[in-house]
């Protein structure tokens, strides 16, 4: 059996540490010089200095343990095993998606986990796909109760209970609470952009457009992320991704045109559900690029939970000030189905979906997981049609198809660009 070895250098006292991405990430391995490794996922350099007294050590991943084989001075070989102290992937839940940062372990070297070899059981596929199912169907559930409860109440209810559940889960797991002004300031700003603005714009948009169409527009946010990452982090866009950006703009225009033409002279930008959804997508995109900053100061799961709680409070206040129907006596008019829909959007559409995505991201390939994002608008469209009789016009169908192709091109693997 072949092991996924990565060569590393370690001192005999085992006191030095180096963070390794993969065998292909090492720029140089020379004695008396710097050993530089690139974490290809976060595009950062880690350096350590070694001298000729250091021994060559090989490492393999064995489940949750790290097995190291070293050659001693008398040329004998010894093998030790140590447990991994933390997950190799950190994820932050944002908007209706999750942003994950690989902390260094090569995805392809994960011999155990969900669909690691491209095959999997029915249960594994169900777990892998379930977050996208929950996010898509939560859009339908939200739209169903919006007229009865009000948009801002639904947005707040989706965030606050789910956030408290995630915080409780993080405490149960022994995750550290945010500490210091930097941690809380970053979470608060992240909450304002990714929770308050995103969910508020989303709820406003759902009042004026279909769940399926809105979900397609929301999922166009990788187009904006690609542009922001290029300007802020110097990440290369490339020919294929640039083509995807142009195609994405064309697709979004095709999605918006039917709304403009149908309203004629009465068209108002702020009365357009597609426009509100586009604003929500931009909020989510900005939240995506903020993840790296937030994760520097806080545990990812804690940050996810607290940003949902903090971001939901302004929405609740706006709901009260705006006299949403739920505060004007309509609460007693809620049917059992309405209550179930509200609970579903919060528990399954937020807390459970984020938790399952976290689990899948740490057990399987992030590339495979991110390639399934197109399922969210697909589920939203299918269940919007089944339960709300929503349909796409011919032009909107073309626009949705063009937009989804553009999203795929923007997420195109860099090595193939």
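Just so it is clear, glycine is given a Cβ too, placed from its N, Cα and C backbone atoms.
Copied from Swiss-Prot, the annotated features are:
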TRANSIT   1-68  transit peptide
COMPBIAS  68-89  compositional bias 'Low complexity'
TRANSMEM  122-142  transmembrane segment
DOMAIN    133-255  domain 'EamA 1'
TRANSMEM  152-172  transmembrane segment
TRANSMEM  183-203  transmembrane segment
TRANSMEM  213-233  transmembrane segment
TRANSMEM  237-257  transmembrane segment
TRANSMEM  269-289  transmembrane segment
DOMAIN    283-411  domain 'EamA 2'
TRANSMEM  301-321  transmembrane segment
TRANSMEM  339-359  transmembrane segment
TRANSMEM  369-389  transmembrane segment
TRANSMEM  392-412  transmembrane segment
Among 152-172, 213-233, 269-289, 369-389, 392-412, stretch most in contact with the transmembrane segment (183-203) (C-beta, under 8 angstroms): 269-289
For the domain 'EamA 1' (133-255), the number of residues DSSP places in helix, strand and coil: 105 helix, 0 strand, 18 coil
Per-residue pLDDT averaged over the domain 'EamA 1' (133-255), given as an integer: 89
Considering the transmembrane segment (301-321), which listed stretch of 213-233, 269-289, 339-359, 369-389 counts the most C-beta pairs under 8 Å: 339-359
Contact call for the transmembrane segment (339-359) against the transmembrane segment (122-142), three or more Cβ pairs under 8 Å: yes
Two-stretch contact, the transmembrane segment (392-412) and the transmembrane segment (213-233), at least three Cβ pairs under 8 Å: yes
Outside the transmembrane segment (152-172), six or more residues from its ends: residues with CB under 8 Å to it: 93, 138, 142, 145-146, 195, 199-200, 202-203, 299, 301-302, 304-313, 315-316, 318-319, 322, 324, 326-327, 342, 345-347, 349-351, 354-355
